[in-house]
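To start, the structure under review is shown below, and the notes come after it.
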Amino acid sequence: MTTLDESLALIGRGAEEILKLDQLEARLTSGVPLRVKAGFDPTAPDLHLGHTVLLNKMRQFQQLGHQVIFLIGDFTGMIGDPSGKNATRKPLSREDVLANARTYEEQVFKILDRERTEVRFNSEWFGQMSAADMIKLSAQHTVARMLERDDFAKRFGSQQPIAIHEFLYPLVQGYDSVALRADVELGGTDQKFNLLMGRGLQEHYGQAPQIVLTMPLLEGLEGVAKMSKSLGNYIGINEPAIDIVTKTMKIGDELTWRWIDLLSLDISVAEAVRLKEQVTSGELHPREVKLRLARELATRFHDAATAEQAIAGWHAVVTGQGDTSLLPLQEVVVPAEGLRIASLLTAAGLTPSNSEATRKLKERAVKIDGEVLEDATRVFTQGFEGVIQVGKRNFARVSLVIG
């Protein structure tokens, strides 16, 4: 049986803040399974590793015997969460929201236990609300309080428009906790204002206020900006296993520890400390730790056999030994006259620009099927298929087709 200290250690792993810790301890001590909620607005069809930070924490609550609520914000998704935004979000259509929501349901059970998961839609209660009900809800907060939010304050100070419906978003998210009688709500650090709104509304409606647990925003592949599809620094959980492996193996050594803390369900805190000590002492190469994380992620979102095949493909390119046909084939569209190598590297996503590609060619850092490319003016035409590598970590198996 898990002790209170063990439960708190698992719940607190990677967390930025828990409000209020003493209330969490009291509810855990009661022995009654907690209702743990996290909301996801279906603004895009695919989830990426950044989204799984909250899903992993939900899974840890499930491991401790608690019930989690995966709340799909089909109603709030049409409003658009203003958190962290310096401009009004474009609202989504009902059709877009529902299509995205369907894909979410398919993806989350790669992490969550179906038996301990409620999937809910907040249109269940907001679809029944009258205009009078919404006005009553709006009366629970003031404009002055809303402007305490950093993003709203900045936009107000710089005379950027703030639409009235954006003020409603925190109230609507907060009311979700009332409707679901949540004991705990999880969210990113940028959601703290909205999560605290839930506490206040629950008290107003005579419920015990939920515990708020915030998680950090996961840094993307480059280790600086938060993971985002718009920035291209993400790993989608529906991506092929080879892409999950190769992208994970490209991250920096320091970022590896951060990802382990927020993404791994297999490596305990104690083991992570031990691994870090082994790397520091030189007993273990950082690549081995990264490979273990890559294997775990590829297995979670696919299966063990597929993960091992992906690792074999990655290893074949890195070492120059093995079967590179295990790598996924990426089609690159070229004109009839073909593309010079610099343009091909950029088109294949191996360099951010032709100038960077030219620099890599001058450094003799470009290989074709394991051989250094000596001719920086070489033109590639339809029918070419092979593995192109830039530096140690960037590679792709490409096939050229005429568009």
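Think of each number as a place in line: the chain as shown, counted from 1.
Glycine is treated like the rest: Cβ placed from N, Cα and C.
The feature ATP binding site is assigned by Swiss-Prot to K229. The domain 'S4 RNA-binding' feature in Swiss-Prot is assigned to 339-400. Feature annotation from Swiss-Prot assigns motif ''HIGH' region' to 42-51. If you look up Swiss-Prot, you'll see 226-230 marked as motif ''KMSKS' region'.
Taken through DSSP, the motif ''KMSKS' region' (226-230) splits into 0 helix, 1 strand, 4 coil. For the motif ''HIGH' region' (42-51), same-chain residues at least 6 beyond its ends with a Cβ under 8 Å from one of its own Cβ atoms are 72-74, 77, 80, 92, 97-101, 103-104, 107-108, 217-218, 220, 226-229, 234-238, 259, 263, 297. When averaged over the domain 'S4 RNA-binding' (339-400), pLDDT in the model lands at 91.
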